[in-house]
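Below: the structure, in structure tokens.
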Amino acid sequence: MTATLERRESASLWGRFCDWVTSTENRLYIGWFGVLMIPTLLTATSVFIIAFIAAPPVDIDGIREPVSGSLLYGNNIISGAIIPTSAAIGLHFYPIWEAASVDEWLYNGGPYELIVLHFLLGVACYMGREWELSFRLGMRPWIAVAYSAPVAAATAVFLIYPIGQGSFSDGMPLGISGTFNFMIVFQAEHNILMHPFHMLGVAGVFGGSLFSAMHGSLVTSSLIRETTENESANAGYKFGQEEETYNIVAAHGYFGRLIFQYASFNNSRSLHFFLAAWPVVGIWFTALGISTMAFNLNGFNFNQSVVDSQGRVINTWADIINRANLGMEVMHERNAHNFPLDLASVEAPFVNG
């Protein structure tokens with residue numbers, strides 16, 4: 001009898017825990033994805049803060065030339081970063097217990113791998129938690145689908161690209177100047193500006209910003225006034241009110257006359273689907289582009305493609321970009337390579353004598 005009561009109490013305790021985790025009445029929804037999200041994001045955030053402040057220099061290129069990234073080792077907020085794991089480690093899983101000592105783990109950039117892997121797991125769980133909460137509330141799942149775009153982008157630069165290049169040392173450093181360095185080197189090695197998927201991403205980000213500004217300004221300019229001229233129009237709105245808060249017909253009429261009739265949406269659902277889909281699809285394509293360039297399927301190469309009738313090259317902007325790429329490639333990892341890859345792969349000219 002005692003054993004039976006204990007089992008019931010245990011089951012009841014587990015049941016109460018399940019109810020608490022999945023309850024939509026909590027101030028912050030936890031969910032089963034949250035059970036994994038909370039510890040992984042807390043770990044990534046804590047290690048990032050500690051390493052950004054105090055991590056010793058990291059031998060990123062595996063050539064015994066450590067690079068400093070933390071504040072206590074001479075950096076500021078702009079130049080500081082979590083330096084990627086050493087090329088000597090490559091793609092090996094490198095937890096603390098795989099190193100001979102904590103000093104060795106820090107020297108080889110172990111914190112970067114720890115932060116990135118916990119962060120990616122955490123944001124993936126955040127996306128799952130968005131779907132889970134939508135499901136519990138009877139909502140449609142598109143919030144999580146939209147969030148999949150930045151998740152895909154982060155996964156591309158922190159995981160897919162290092163896998164394609166063969167080392168976590170090629171991942172994006174976790175800092176401001178480190179991000180710019182990553183972008184410059186990526187352009188030098190993969191010509192990303194000439195990749196159509198990157199172009200779609202640019203259209204998605206800048207187009208999304210434009211459409212967001214247009215939509216917000218149109219709605220704000222066509223509010224249905226419920227107040228006197230002496231009060232703010234914003235004060236006339238009650239949360240949860242059944243009545244529309246702005247006049248979509250007026251907004252449609254304004255924009256249709258500003259551009260032309262069919263440039264303006266007259267269906268609010270179609271409009272908001274478009275506002276969500278445009279940047280999301282663009283960022284999806286950029287993440288896909290990074291993932292293909294990770295395996296060296298690079299941007300278009302139109303170098304020296306225009307020649308005159310005598311076969312002489314007429315330089316185009318593609319040739320200017322190529323020359324800039326070579327310059328950037330020469331400058332990065334300057335002590336790890338004798339020549340940039342594009343120059344080293346060309347056969348030396350034959351000289352008589």
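Every residue, even glycine, has its Cβ placed from backbone N, Cα and C.
Note that the structure is a prediction, hence the values are computed from the model and not measured.
Feature transmembrane segment, per TrEMBL, maps to range 198-218 of the set 177-197, 198-218. For H272 (Fe cation binding site), the nearest of the recorded positions by C-alpha distance turns out to be H190; the candidates were H190, H332, E333.
Cα of F265 (quinone binding site) to Cα of E189 ([CaMn4O5] cluster binding site): a distance of 42 Å.
Candidate binding-site residues: H118, H332. Fewest other C-beta atoms within 10 angstroms, H332. Within the set of recorded positions Y126, E189, H190, H332, E333, the entry lying nearest in space to S264 (quinone binding site) is Y126 (CA atoms).
Note: the stretches the transmembrane segment (29-55) and the transmembrane segment (273-295) are not in contact (fewer than 3 CB pairs below 8 A, sequence gap of 6 or more).
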